[in-house]
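Note sheet for the following structure.
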Amino acid sequence: MSPRVGVFVCYCGANINGVVDCEAVRDFAEKLDGVVVAKTYPFMCADPGQNLIKEAIKEYNLDRVVVAACTPKIHEPTFRNCIKEAGLSPYYLEFVNIREHCSFVHMNDREKATKKAMELVAGAVERAKRLEDVPQKIVEVDKSCLIIGGGIAGIQAALDLGDQGYKVYLVEKEPSIGGRMAQLAKTFPTDDCALUILAPKMVSVANHPNVELITYAEVKNVEGFIGNFEVTIEKKPRYVDENICTGCGACAAVCPIEVPNEFDLGLGTRKAIYVPFAQAVPLVYTIDMDHCIRCGLCEKACGPGAIRYDQKPEEIKLKVGTIICAVGYDEFDATLKEEYGYGVYDNVITTLELERMINPAGPTGGHEIRPSDGKHPHRVVFIQCVGSRDAKVGKHYCSRICCMFALKNAQLIKQHDPSTEVYICYMDIRSFGKGYEEYYRRAQEQFGVKFIRGRPACIMEDPETKNLIVRVEDTLLGEIVEIEADLVVLSAGLSPRPDNPKLAKMLGLELSPDGFFKELHPKLAPVNTKVDGIAIAGVAQGPKDIPDTVAQAKGAASAVSIPMAQGQFRIEMIRAVVDEDVCGGCQVCAKMCPYNAITYVEKDGHLVAQVNDVACKGCGSCAGACPSGAMQLRYYRDEQIISFIDGVLEAHQKLES
C-alpha cells in the first residue's frame, strides 16, 4: 500500500510568505503522487499549527508528513513530537527548509524562490514515501563528570555538580587550579580583588567531598559515548609526594636555582622547586627537572620527607558519564605585531604583564614600572585590539574584555599616581556589560584618562632614554598625534589554546573558524556540543568576561546534569547497517571510520563487516566509501537520497516545460 503523505507549508509570518508564494506551493503539492492533503498556516510551529497537523493525520489517515518551513535545527524536534503525539513514528517526518534555502537567498526573485520551494517539496515527498522507523537504544549514564580545565569555569561547574551529589573529576594541566583569574589584580567593574573572590572557591572545590582534583595532569585519550566515556589521564611527576608535602616552603628557601616565573610571565623569578603562587591549590611544591641540579638541599630541608626524585608519570583511567571542556585561553602572541616592537623594546608590555605588576602579590609588589630601568612611568599609552579585529594576523573576532581591561588598569594607574598621564588608543570602546558603561564614563570624567580614536601605525624607541614614540592618527580630530611614552601597554587579545585541535579530535568536537570550540547552536544551545554528554564552558567556547564565564559554567553543569539525573539516555539508531549478503569484506569501510566502530567476522568463508552501533556516530563515511553498496546509513539510505534528487529534478522539468 502506497504511503499517504500530508504536506504542510508554513508562512513563518512574512519570513517565507513575503517572498515565496506559499499558496502556490500548497496547490502544487496537492497534485504530487501520494499526497492526500496539503495545507498552509501562518505559524505552523505554534499550537494551532501543530493541532492542524494532528487533526489532518487523523482525518486523512496520514502515515507520512512533510513540513515546509524554516530551519530543522530549531524546529524539527517540535514537529517530530507533534506527529508522535498523533500516533506516528517521529521518523516519518520529512522537513524542508524553504526559508534559508528559498526566501532568504532569493528575496528579490519571488518566482525563483517559489519554484525552488516547489522542487524541494516534490523531492521531500518522494523521500518521505521511503522513510523508515528508527529504533532507539537506551544506555545507562554513569553519574560522574570529567571537567577539563581548572579555571573559574571549571571550578564553578565542579562546585555546582558536586553540590548536586555527582562525582566530579577536575583535571588541570598546571600545578594549581585558578586559571587566568588567579593572575589578575582586580576585576571590573567592581574592582574586587581577584584572588579574594576566587580563592574561597578554589578552597571549596578542593575540599568538596564529591570533587577529586587531578592537577599537573593532561587528558590523553577519550573513548566511548554518553554515559560511558573511558578517559585516560597522564599525571606528570611533581617529584614531591602530594600526600606528605605541607607547603611550608622550607625546600624553596634553600634551593639555589632561580628561573623566570611563568605565572608572573617572566617578570619575576621562582626557584627550581616552587608553587606558582602563595594561594595555590593544592599547596604542594613541584620540582622543575629542566632546571634542577640535583643538589639535594631541598630533600635535606624537607622535614616530612616529601621529596621523590624517582617519581614517574602516572596513568589514570576513569569511566565517566559526561564531560565539560573548560580549557580557557592563551594571550595573543604580541610579537606577531612587529610594528609595535613587543619583545624588541623593553618598555612595551602586554595587559597581562601589567596585571602582574599591579597585583600586590606580583613581582613588583603592586607597582607599575618600566622594565628597562625599574622607574615609575609618568606617561602610559594603551593600544587596543592587538590580536583582535585584525585580519592581518588572522584574528577577525573581538576579544570582548580588552577594552574593560584597559579601562580598569588605566584607573588603577591613576589611583597609584594621579599625575601619571594615561592614553588609550582605541578603535571602538565596547563596554557592553552591566555597569560597564558607567565604568567607562568614570575613567573619562573622574580619572581623566585620555582617549584617542585610532590604531597606531608603529612605535619607535629612543635608544638613549628607552622612551617610546607612538604615532597615531586621531580619526575624530583628523590629525596625526605623536606621544612620547614611558611605557606602552598592548591590549593583547584572547587566543584559543594551541592544543585545542588535538583535544577536539579526542572528544569528537568541532572548532569554529577562530579556533575555539563550537557550540551546538550559538543562541539556543550555547553550552551543548554535537556530541551528546559533552558540554563546553568559558573561553573554551569563545572570548568572554568573568560573569559570562561563570554563567556559562553553571549552564554547562546544568546541561550535563540532566542525563545524569535521569540515569539513562536514548540514542536514536541512525547508524550504519550492513547487508551481509552483499558485503565482500574489502575493509574499505573500516579504514574510513573515524570512530573505530567497524570490525570483521568470518561468514561463509569470507569476512563480513560488523558495526558497533554505540560507537558509531552515524557520520556516513563508510556508506559513502563502500564500493558494493552493502554499507548503508539508516534513515539516509541510497534509495532515500536518490529519490529526493529524482523528485527535485522531475519537478524542475515539469515547472520549466
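We number each residue from 1, going along the chain as drawn.
Using N, Cα and C of the backbone, Cβ positions are placed for all residues, glycine too.
Binding site for [4Fe-4S] cluster 3 per Swiss-Prot: C583, C586, C589, plus C626 from the candidate set C616, C619, C626.
Going through C255, C325 against Swiss-Prot, the one listed in the [4Fe-4S] cluster 2 site together with C292, C295, C298 turns out to be C255. Swiss-Prot names C616, C619, C622 as [4Fe-4S] cluster 4 ligands; from the candidate set C458, C593, the record adds C593 to that same site. Closest in space to G149 (FAD binding site), of the binding-site residues given as C245, C292, C589, C593, is C245, taking the CA atom of each residue.
Residues 91, 131-132, 134, 137, 139, 224-225, 508, 531, 571, 573-580, 582-601 of the same chain sit 6 or more residues outside the domain '4Fe-4S ferredoxin-type 4' (607-636) yet have a Cβ under 8 Å from a Cβ within it.
Rounded to the nearest whole angstrom, the C-alpha distance between C593 ([4Fe-4S] cluster 4 binding site) and C626 ([4Fe-4S] cluster 3 binding site) is 11.
Counting only same-chain residues six or more apart in sequence, the Cβ atoms lying under 8 angstroms from the Cβ of C626 ([4Fe-4S] cluster 3 binding site) belong to V588, C589.
In this structure the alpha carbons, written CA, of Q164 (FAD binding site) and C245 ([4Fe-4S] cluster 1 binding site) are 31 Å apart. Of the chain residues outside the [4Fe-4S] cluster 3 site list C583, C586, C589, C626, V578, G584, G585, Q587, V588, A609, C622, A625, P627, S628, A630, M631 have their Cβ within 8 Å of the site's Cβ mean position.
Among the binding-site residues listed here, namely C248, C302, C616, C616 has its C-alpha nearest to that of L161 (FAD binding site). Of all the binding-site residues in the list I155, L170, C248, C251, C622, the shortest Cα-Cα distance to C295 ([4Fe-4S] cluster 2 binding site) is found for C251. Put simply, C292 ([4Fe-4S] cluster 2 binding site) is 18 Å from C245 ([4Fe-4S] cluster 1 binding site) when counted between their Cα atoms.
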